[in-house]
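Pulled from TrEMBL:
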BINDING   Gly10, Ala11, Gln12, Gly13, Arg14, Met15, Gly99, Thr100, Thr101, Ser123, Ala124, Asn125, Phe126  NAD(+) binding site
DOMAIN    129-265  domain 'Dihydrodipicolinate reductase C-terminal'
ACT_SITE  His156  active site, proton donor/acceptor
BINDING   His157, Gly166, Thr167  (S)-2,3,4,5-tetrahydrodipicolinate binding site
ACT_SITE  Lys160  active site, proton donor
Amino acid sequence: MNQIRVAIAGAQGRMGRELIKAANKEDINLSSVLVKAGSSMVGCDAGILINSSQINITITDNIHNIIDSFDLLIDFTTPQSTMEYLSLCKQHKKSMVIGTTGFNQKEYKLIDLASKEIAIVLSANFSIGMNVVLKLLEATSKIIGNDSDIEIIEAHHRNKIDAPSGTALSMGKIIANTMHWKFDESAVYKREGIIGKRKEQSIGFSTIRGGDIIGEHKAIFASIGEQIEITHKVSNRMNFALGAIKATKWLKHKKSGLFNMWDVLGLSSL
C-alpha cells in the first residue's frame, strides 16, 4: 500500500469540511466522504461541501457502500455513529483516526478492545499547540500541583453539544494522573449556593457556550500570592484538521494499537 486511501465521516460538519480541505492541501488520497443519514447532499459531488469545483468523490450516507474503498477512516461525528463505524472498521481491518468526543466508559472500552485488532488514534483535540499545552500541564502539576488550587475554564460555540469539552476533560485527567488523584473524585462540575470551603485535591470546571467561539481553554494554578495561567485559543479549525491529517500519515504503517496525539508528535517520551 503506497498511498493510504482515506474516508472522512461527518463530512457535512464544520470539522468535516476542514478535513476535506486539509486532505487536498496535504496530498492525501481522499477516496470517500460520509454525511449523516438522509442528507440532501447524498449523491452530490463532495466539492459542494467546500464550495469548490468537482473533486470526483460522490457523497454517501452509507458506510457499507464504501467499506472496500478506504484503508483509514477519519471520524468526527457522534459517539453513536463512531460505535457503528468502529464495529465495521474492526470487522474489515480498517484503521481509524477518531476526533469524536463525549464517549462514556463502555464506549471507551469498546475502542480499546477494537485497538487490539486495528490501529486507532483517539484524541479529544488534534491541535498541535493544544497537545503542547497538555504536556505543559503535566510539568506544571509535578512542580506546583500540591500547592495550588486548580481550575479549568473552556469556551466553545453555541452549537457544541457536550460539556465540559473533551479537551477540558483531558486537561483535568492529565493533571489528576500526574498528581496521583482519582479524577472522578477530584472533578467539580457545579458550584451553587453555600458550598463551603474548597475541598482538597479538587479540579474545578467552568463551561462557556456562545456565539461562534471555535475553542478556548485555560488552566489556572492559583496559590497564595501568585497564579499561573496556561491558555490555548483557536482561531481556525484548520489547525485541528491538519493535526488529524498528521495522525493519518503517522498511523499508515501501524497494524494495531491505541494511540493519541502525544504518540504522533513524540511528546510521550519528553
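Every residue, even glycine, has its Cβ placed from backbone N, Cα and C.
TrEMBL: automatically predicted annotations, no manual curation.
What you see is a predicted model, and the numbers here were worked out from it, not measured in a lab.
Between the recorded positions Arg14, His156, His157, Lys160, the minimum number of other C-beta atoms within 10 Å of a residue's C-beta occurs at His157. A sphere of 10 angstroms centred on the C-beta of Gln12 (NAD(+) binding site) encloses 17 other C-beta atoms. Of the recorded residues, Gly166 ((S)-2,3,4,5-tetrahydrodipicolinate binding site) and Lys160 (active site, proton donor) place their C-alpha atoms 11 Å from one another. Excluding His157, Gly166, Thr167, which define the (S)-2,3,4,5-tetrahydrodipicolinate site, the same chain contributes Thr101, Ala124, Asn125, Glu154, His156, Lys160, Asp162, Ser165, Ala168, Gly215 within 8 Å (Cβ to the Cβ centroid), listed in sequence order. Long-range Cβ contacts of Ala124 (NAD(+) binding site) within its own chain (separation 6+, distance under 8 Å): Gly99, Thr101, Ser165, Gly166, Thr167, Leu169, Ser170. Gly166 ((S)-2,3,4,5-tetrahydrodipicolinate binding site) falls within a helix when secondary structure is assigned with DSSP. Across the residues of the domain 'Dihydrodipicolinate reductase C-terminal' (129-265), the predicted structure has a mean pLDDT of 96. Packing around Gly10 (NAD(+) binding site) is summarised by its Cβ count: 24 other Cβ atoms lie within 10 angstroms of its Cβ, all protein chains included.
Between the C-alpha atoms of Phe126 (NAD(+) binding site) and Lys160 (active site, proton donor), the distance comes to 17 Å. The binding-site residues considered are Gly99, Gly166; of these, Gly166 has the fewest other C-beta atoms within 10 angstroms of its C-beta.
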